[in-house]
Amino acid sequence: MQRSSVLLCLLVIEATFCSLLMAQPDGVNTPTCCYTFNKQIPLKRVKGYERITSSRCPQEAVIFRTLKNKEVCADPTQKWVQDYIAKLDQRTQQKQNSTAPQTSKPLNIRFTTQDPKNRS
């Protein structure tokens, strides 16, 4: 009986520690890293990118996000990658400029009030 009580106590302690470990949020501050690079993909399939410069990753990389939300790792030193980044930045800038509110010249309106005593 004493043996089973000790065993039960150990199981309860283990379950407590396991539940504490499992309660930790997944992926806290874990960067996305690229370990291999993909070949060039068509620019028309790319909608955005992210630079990976974390010290936790073995190498710097660029992750392109496709229209189908797939991530493609690329070497930032390759010319096609640099060209894509420049074109995507240009696209983003154009979108920001087209959605910015248009400013117009101020209207020169002069408000005048009539003197109630001087009504004609």
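Glycine residues also receive a Cβ, built from the backbone N, Cα and C atoms like all the rest.
For Cys73, the disulfide partner recorded in Swiss-Prot among Cys34, Cys57 is Cys34. Annotation in Swiss-Prot places Cys33 in a disulphide bond whose other cysteine, of Cys18, Cys57, is Cys57. If you take the Cα of Asn97 (N-linked glycosylation site) and the Cα of Cys33 (disulfide bond), they are about 33 angstrom apart, rounded to a whole number. Cβ crowding, taken as the number of other Cβ atoms within 10 Å, peaks at Cys73 among the disulfide-bonded residues Cys33, Cys57, Cys73.
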